[in-house]
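Record features, source TrEMBL:
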type: TRANSMEM; residues: B:7-26; note: transmembrane segment
type: TRANSMEM; residues: B:32-52; note: transmembrane segment
type: TRANSMEM; residues: B:59-79; note: transmembrane segment
type: TRANSMEM; residues: B:85-108; note: transmembrane segment
type: TRANSMEM; residues: B:137-155; note: transmembrane segment
type: TRANSMEM; residues: B:162-181; note: transmembrane segment
type: TRANSMEM; residues: B:214-236; note: transmembrane segment
type: TRANSMEM; residues: B:248-271; note: transmembrane segment
type: TRANSMEM; residues: B:291-313; note: transmembrane segment
type: REGION; residues: B:327-348; note: region 'Disordered'
Amino acid sequence: MTILRVENVTKRFGGLVAVDDASLSVTPGSITGLIGPNGAGKTTLFTVISGFAAPTTGRVLFEERDITRVEAHERARMGIARTFQIVQPFATLSVVENIAVGAFLRHAARADALEEARRVAAEVGLTPMLDQPAKALTVAGRKRLELARALATGPRLLLLDEVLAGLNPSEIRDMIPVIRAIRARGVTILIVEHVMQAVMSLCDDIYVLAQGKLIAQGPPARIARDPHVVEAYLGHGAAQRLQAKAGQIGEAAHAERA
Amino acid sequence: MSARDLSTGFLPIVLVVALLALVPLFVTSNTILNFLVFTLIIALAAQGWNLLAGYGGQFSFGHAAFFGTGAYAAAILQVNLGVNAYVAFLVGIGLGALVGFVIGYLSFRSGLKGSYFALVTLAFAEVLRILANSAGFTGGAAGILIPLDVSAWNFQFESRGAYYWVALALVAAVLVLNRAIERARFGAQLVAVRENEAAARALGVDALSVKLKAIALSGAITAAAGGLYAQYFLYLDALIAYGPWISIEALLAPIVGGLGTVFGPLVGALALHGLSEASKLFVGEIPGIDLVIFGAVLILVVAFAPDGVMGVIGRVRRRLGGVSAKTSPASAAAPAPAPAPTREETPA
Amino acid sequence: MMFTPDIVLTATINGLMTGAVYALIALGLTLVYGVLHIINFAHGATLTAAMFGVLVLNQALGIDPYLAILVLTPLFFALGYAVQRLVIGPASHGEDVNILLVTLGLAIIIENALLAIFRSDTRSVDTPYGFSVIEVGNLFLSTPRVIAFFGSIAVAVALWLVLARTDTGKAIRAVAKEKTGAALVGIDVRHVYAVTFGLGAACVAIAACLLMPTFYVNPRVGGAFVLVAFTIVVLGGMGSIAGALVGGLFIGVVESLSGLYLGESLGQIGIFLIFILVLLFRPTGLFGAKA
């Protein structure tokens, strides 16, 4: 059973093949990671999945329904929400109004939408900033706002585009439990991410994209040891470093849960 | 009533309209009433523009297309087809919405934004002007005259005060409509599209449909202003109905008054035309001098007070009274569209 | 409707000659767009102002319109430079829509100041050569319009040379391509913006001098030209000089022929329809210039 399935997606820009015959599937209730070096085509694949670009060939299925030609706003209605890597706040609106735009998707009345927005704001830790203009938020605040707006649309599948990029280590530490809590509520998450430690500790399943092609798939521990990944993505000599780190994070995560 | 309700609720509208409704009881000068009726017609046209540009971020330079359609519909239906004036007026509003929808459908489907949208609306208005100037049923270059036949049944009144109340009632209706939109899902989605279309789409907002609703509504409101103009002055030609003057008036008032605010267009129209009358007192009737002032005011507002008179009032009030509420969707700065011709990347 | 080949040919040649002047006006617009990525709404009003400049120089000082080029070109360059540097740049805070509104404000001011000074009468300049013709085969061509044609082409070539060969030209092209990069290598971007604006105004000043011997002026005349110029710029591809030249000649012919077949007033519609269609379906221009 899968909630999202990408079948043989290829995306060409003129002569450039950004994504080459990529297939992946996301299990309901999981946090699935999509990683890869810069220019690997992660963002392009993400754009195709979220409906902001059409694939040249291939299909995207959501809950076994072909959504390849479904427009972005329709996908949101069906239950797919996305965030943006470069945060896109509605700058002149307040935080709560920003989130309410998302909440209006399932709540027609303003009072209901605002109530839902406040509830979601609490979930991501934005309650103290509710009435601030969005442009006054810090980078970390804006990342949370991205997350909150997407959540407010009531998604079953949440697509996160580098929500941790640009955050400092302590901000990342604060964000990770927020993402876990969203999953615990039953929202499936597909996360495109650069921040390796975070991906390793968050994800149940990871896909690795390099030069447009999927080169590996599996649980974090196996991905970290996969020689293809080490070669293509991390460069020589990085495998040991990563293993060491994965070990540490594993312990840290353990300690946290305990 | 909390402070927030004072700036976002309906009470201020009731107060302002009630106050304005009293004016004809004290002012009997025809010159002043004439000035006020004309200013209210401009304010109404500007309210239409403000809905699309102030809230929706789509800057039209061709709202004459709607104004003229409303005006010509009112005149032609009465003169050529003998339709009742009120019916003609309503049909004009409907046609304004239709013209808005058609222009919007063509331009938004093609992904036109910013300067390109401004140019294409300007061109549509010019095409209509040339057509109206050449066609037979519009009276061509000679224009069209609605025969004077004063009776309430004909939408023609003896006193200017009556016209004033009609104009005020229409302006008031749009004030209420705007406030209601601000508080509704549609308003939130419209502002979201203005602020960031991609983000809005990601949140399930059908940007095309939201923009189409906005331009149709905007066209209807500005067409109502055109219809009222025809009814008041009883004469039209292509340059009056579809000329660039009204496109400029419609955009100046909200920018000066406060873009994307309920009262902006009304405040802006009163301020600009008040200024223009005052200038006549000082320098006499020199043709064009009022527009020189308008142009200068436009530049000064863009440079120094991008949130217009309403923004200045808000800041002063906050400084004086500590009223913390801010008018919610008011834009502090004009929204910036993409610099290059942008076609939306819609999945083909 | 049928016309003799001679009439159609004359109309076509007349269209080409008008088109060259259109191209010159469009050149200023497209140059500013190519570099600053903005639409200068005051372009038409600048043309009107220059045409009144020609008129005043002629009537007050007896200066021939063609000699006026020597006075008005540097004057309008300086004005364009100053307006961009002192008004448009600071007032618009770098926002596209603001620039559009500021230039619209300037257009309103210029047009109506001219209206206040000169009133709405239509005026023209009397020259000894105003009605002289050149005989080519069995066609009679108006001498000043032939001069305007070659003059416009010459200015276009000169402008192209300035952009291609001079240091200033290279700086302009660098800013047009990548302004952040240009600023990093030490190019004064605001200066380049202002120079570009000055060049745009200078083009219009020359166009005014070439137009006045056969045309008339009133405070609203620029409006007629500016939409034509927008059409040409959009048609030729925003920012493309060659596109503006070809687009100008094309539009001149379209206008002349549709005027012939549809009559003066309806003939203008052809241009607007082209404008709308191109914007809707080919916003990068017919000649494929990348915006």
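Yeah, the Cβs are placed from backbone N, Cα and C, and that goes for glycine too.
Note: the stretches the transmembrane segment (B:214-236) and the transmembrane segment (B:7-26) are not in contact (fewer than 3 CB pairs below 8 A, sequence gap of 6 or more). Listed stretches B:32-52, B:85-108, B:137-155, B:162-181, B:248-271 were compared with the transmembrane segment (B:59-79); the greatest number of C-beta pairs under 8 angstroms is found for B:85-108.
Long-range contacts of the transmembrane segment (B:32-52) within the same chain: residues 23-24, 58, 60, 63, 66-67, 160-161, 163-164, 167-168, 170-171, 174-175, 178, 181, 214-215, 217-226, 228-229, 232, 246, 249-254, 257, 259-261, 264-266, 268-270, 273, 277, each at least 6 residues beyond the stretch ends and with a Cβ under 8 Å from a Cβ of the stretch. Outside the transmembrane segment (B:248-271) by six or more residues, the chain places 12-13, 16, 39-40, 42-43, 45-50, 53-55, 59-61, 63-64, 67, 171, 175, 178-179, 182, 191, 194, 222, 294, 297-298, 301-302, 306-311, 327, 329-331, 334 with a CB less than 8 A from a CB of the stretch.
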